[in-house]
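Sequence annotations record features per position, and here TrEMBL assigns domain 'Inhibitor I9' to 35-111. Under the heading active site, charge relay system, TrEMBL lists D146, H255, S592. As annotated by TrEMBL, domain 'Peptidase S8/S53' applies to 239-630. The domain 'Subtilisin-like protease fibronectin type-III' annotation in TrEMBL covers 708-803.
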Amino acid sequence: MASSWNFRAIVPFLLLLVIQQLGIVLPAFSSNVQIVYMGERRHDEPELVTDSHHGILSDILGSQEAAVESMLYSYKHGFSGFAAVLKPHQAALIADLPGVVHVVPNRILSLQTTRSWDFLQVKPQVVNGILEKGQSGGGSIIGILDTGWYGNVVDVCWFQLFGSIMVLDSVVQEYGLNRKALEMWGWERFLLIGKGYAKEEKNSVVPISLTQCHNTLGRKIIGARWYVKGYEAEFGKINTSDAVEYLSPRDASGHGTHTASTAAGALVDNVSFMGLAKGTARGGAPSAWLSIYKVCWSTGGCSSADLLAAFDDAIFDGVDVISASLGSSPPLASYVDDVLSIGSFHAMAKGISVVCSAGNSGPYPQTVINTAPWVITVAANTIDRAFPTAIMMGNNQTVVGQALYTGNNINKFYPIVYGEDIAYADSDEDSARSCDAGSLNETLARGKVVLCFQSRSQKTAANAARTILEMQGVGVIYAQYPAKDVTLAHGIPLVQVDFTVGTYLLNYMEATRDPVVKFSFTKTVVGRQVSPEVAFFSSRGPSSLSPTVLKPDVAAPGVNILAAWTPIASSQSFDTTKNKLPLNFKFESGTSMSCPHISGIVALLKAIHPTWSPAAIKSALITTASLKDEYSLSAVAEGAPDKKADPFDYGGGHVDPNRAIAPGLIYDMKVPDYVQFLCSMGYNDTAISNIAKAPNKCRRKTKNLLLNLNLPSITIPEMKNSVTVSRTVTNVGPAISVYVARIEAPPGINVIVEPSVLSFNLTSNKLKFKVTFCSLLRIQGRYTFGNLFWEDGSHVVRIPLIVRPIIEYYYPEV
């Protein structure tokens, strides 16, 4: 074993696909599409499953022809169910049929590097110029549920499988692929997405020789599907004539390409964003394969019916990891109603790890999404790369902010004005201060740098920059809460500073008759920015649906991540002559960026530990995560103000990929454990039985069932008296080993571990222990945090302890 790499009751609210910086606002609508979820499939043959779905619809609609016309998808591989165009009374009739778990209205989801892998100390292992597959994810398949993929012809060399059984046989034989799955894939739903090889976007294939695939990008994309039936059933046909979107897996947005390349992109030398962050771009698992599932559309979001179809296919396709920035905003739907929770449950049951983003609603508490215990929920943290940009004032004093700008308006003094000082007479002061659209006098802004201050109405620097650019201003200085996320503006310098620097500049302007400033070129600096820190925007716990399940699970890089992009995306940069400059690589920030980092790491772990369950892999990530920054100081969470990070910020901590290879002990779980979790949540026995494909009788009287779920954390959200919980650990290190418990008790809590010593031998690799908590102080409503360590001299296995003692109040009768 190698020791290191040299690499979420149906509720009427929209689900969110959290992709940072794409703020598409969708109108409310009444769905035409209903998702009929029937749990695990009852037949082994997919055709029989589909026949049963048609039979249900035929009975309701009156004919087989009407059933076929109504049905959009038959979910028949990973689970059973279908999506169909139905009227409310028809959906109600189906909901009462035996075997139907739930009928869920379709929802339209809205859309939410060269350094990060080095920062994580994940190195590609190269021998004689060839990547070592075991050390770089070879053999693992990552399914990306996103906006598709934009690549060149060598990225899609596998599409020659369409036309040649001989080639298909050779591929199956050489790489051990699932031939039955390959033959049953809907080939007519695929097409070549290489630029210049499928201009008409037809369902056809250009013959390609296998020899063209023998390069660093070859054998990467082994499948690409797109899902649009649910979306078009709500909004009508997508118009592809203006090249804003493609009816294919081809990515017109850029986000899917960014996430896929972050997870498993091949090595590409000499990459930068217009000279910034120059280096070798690569994914975490550069030898892993990618299977692309386009469920989101640049014209306005994603359909949950389409999403569930993608889960169904990904399970059938045999992916090892599913990477999806998908979830539901609070109030969170129950785990038996939420499409993402349903799809990910069935994926987990087939041994597939599902990785999701935690959301971008931080730093506020209880905003974390994707809280099902069977998924890995990822928070975003920073890396040690900064982009300092100096601002020189007319008095020769210099202050520093951050920017991503390398165009004009550099090294030349320009007059500077304050947004509030150039407001229209009837404008709101707050709006003018933050440079809201329509609040400023265009004449007074033209040719000037404008100083803007973040406000409740205007929280994003990009909107302020857009306002000033449209008014022909020459630059923006945006004062905001301290954060390391740098906003990319197009065609205008945008320098972000904190309120202290903004106030300093404002004082200079008030004390000077003709204040001027000039900007320096943005520089790339590595190693001088303390990291990792939890990003300001990263959603925080505790979970609002199941507070005994600690969420997020772990944190990974998600700030200023440079990865591959779609040159045709509507979000363009501009060169010095304001001509459109297509981007092949672009900076993005969000938990959508941290999610594929963990997906890549999971692929690496899968390649090394192919028999580990999704729970085992998640445990390895959490128990080995770090609580420190790179200078061994307690990690910080960005906020207002910044604070010492806690488990509700980063879960187990900041991911440490190399330590996760050999965690020593793991907290493992199987499907029955999660079934009992659903029982403890109070869900119907019949519904749970359908989901799990087995008769189930919930043990309602089991004490502390939620608390005893074998998670790599212990969270007690309401401790009225002393509480004892149990956990079971599995030894995946040396067979003969002895672990000793060490406690960092949460303040005000007494913690006892029994036994305090765990001795493993050749015949026993699983041991159970109990942890008893007793409050020493009655701190009503306040969470306290600690840690439990198991140590054997070579391994340190840590789980977070979160306790909230409460006082019961008794009110006399009035």
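A Cβ is built for glycine as well, from the same backbone N, Cα and C atoms used for every other residue.
Residues of the domain 'Inhibitor I9' (35-111) grouped by DSSP class, helix first, strand second and coil last, total 31 helix, 21 strand, 25 coil. The Cβ of D146 (active site, charge relay system) has 31 other Cβ atoms within 10 Å, all protein chains considered. Every protein chain shown contributes to the tally, and the Cβ of H255 (active site, charge relay system) ends up with 30 other Cβ atoms within 10 Å.
Taken through DSSP, the domain 'Subtilisin-like protease fibronectin type-III' (708-803) splits into 0 helix, 61 strand, 35 coil. Taking all protein chains in view, 33 other C-beta atoms sit within 10 angstroms of the C-beta of S592 (active site, charge relay system).
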